[in-house]
Amino acid sequence: MSLPPLPLLLLLLLTSEPAGAMLIRIPLRRVHAGLRTLNPLRAWEKSAEPPRLGAPSPGDKTFVPLSNYLNVQYYGEIGLGTPPQNFSVIFDTGSSNLWVPSGRCHFLSLPCWLHHRYHSKASSSFHSNETKFAIQYGTGRLNGILSEDKLTIGGLTGASVIFGEALWEPSLVFAFAHFDGILGLGFPVLAVGGVRPPLDSLVDQGLLDKPVFSFYLNRDPEAADGGELVLGGSDPAHYIPPLTFVPVTVPAYWQVHVERVHVGTGLTLCAQGCAAILDTGTSLITGPTEEIQALQAAIGGIPLLMGEYLIQCSKIPTLPPVSFHLGGVWFNLTAQDYVIQVGHHHKDVTVTQSDGFERVGLGVRHH
């Protein structure tokens, strides 16, 4: 069976029909994480409330560059306020709120003092809200207040958004993170406090040509750029047409139906089909415990204490592909795709265990 490479571009369509003006390009940067910080968001995040189910490019395109942290954390820059106060944020499809550290944060909140902080008094466009919000993490609760101000993202300025000022950030996970805050790209039903997600606000205000965003993630550790987030469309330079579109099955997370998963030619997982979430805030591929254990056994993974698995470097060239069938098309992960190098002397596969009408576009990347 001949399988194409797994795409490094995701094209995601929002719901509204805007009368917008431009495409926005946001560069991503890449930074490197240790074994215990591979998944700072999804490993501990749980909403405190139950869900209520760059520079402009030529022409009409504006893009946001992304940083890449060991192919684990990809983040980019935004601005809040007038004049803009700049922050590095994770663009996270698994949540729907925008928050950054506040200049009014608690003096014992170490993560806040180690990052850029938003100062409302320094912004002429600030509007007070003062509604309290909270997001529950496994190591503690992130608390803050909601505020309203202007968002600068890529080449776009002047968009009014409601965001969180974090007054208390839990744990050293955030203290040593390379990002200041999180910009959620999920659906409104997931938004804590019932606020409008930032991209939905851009669509509502007619600032995007199309209700679409896409990610290109550059896995080359030597490359200067980590990729880019494009708002309002996609960049054909990063994929081989045509895109494969699959429907979103639950408009909360970006959840899709996976038809099945093959590990080489000897193991089939998700044999009857299964649900999957495309989550840019998650560093790892997660799945039901039994199936992940079967997958790791097939590739020779050595289990570690916290749910990760170790792979010997010498075995990388001989490991089988892990292949996903979505929208009638096979997408193939090679060992170079699914093994993360954590140290100089070994590589490991890190997989956490989990319980087990929009469209998502998948594109085969250029080599």
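The backbone N, Cα and C atoms fix where each Cβ goes, and this holds for glycine too.
TrEMBL lists 1-21 with the feature signal peptide.
Residues or ranges marked as domain 'Peptidase A1' by TrEMBL: 74-367.
DSSP gives ASP92 (active site) a strand state. Residues annotated as active site in TrEMBL: ASP92 (among others).
Annotation comment: TrEMBL describes CYS105-CYS112 (among others) as disulfide bond. Counting every protein chain shown, 22 other Cβ atoms lie within 10 Å of the Cβ of CYS105 (disulfide bond).
With a cut-off of 8 Å between CB atoms and residues at least 6 apart in sequence, the same chain places HIS257, VAL258 near CYS274 (disulfide bond), listed in sequence order. Residues or ranges marked as disulfide bond in TrEMBL: CYS270-CYS274 (among others).
The active site annotation in TrEMBL covers ASP279 (among others). There are 20 other CB atoms within 10 A of the CB of ASP279 (active site), with all protein chains counted.
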Counting only other Cβ atoms and using a 10 Å cut-off, which of the disulfide-bonded residues CYS112, CYS270 scores lowest?
CYS270
In whole Å, how far is ASP92 (active site) from ASP279 (active site) when you measure between their Cα atoms?
7
Report, in whole Å, the straight Cα-to-Cα distance of ASP92 (active site) from CYS270 (disulfide bond).
25
On the 0 to 100 pLDDT scale, where does the domain 'Peptidase A1' (74-367) sit on average?
85
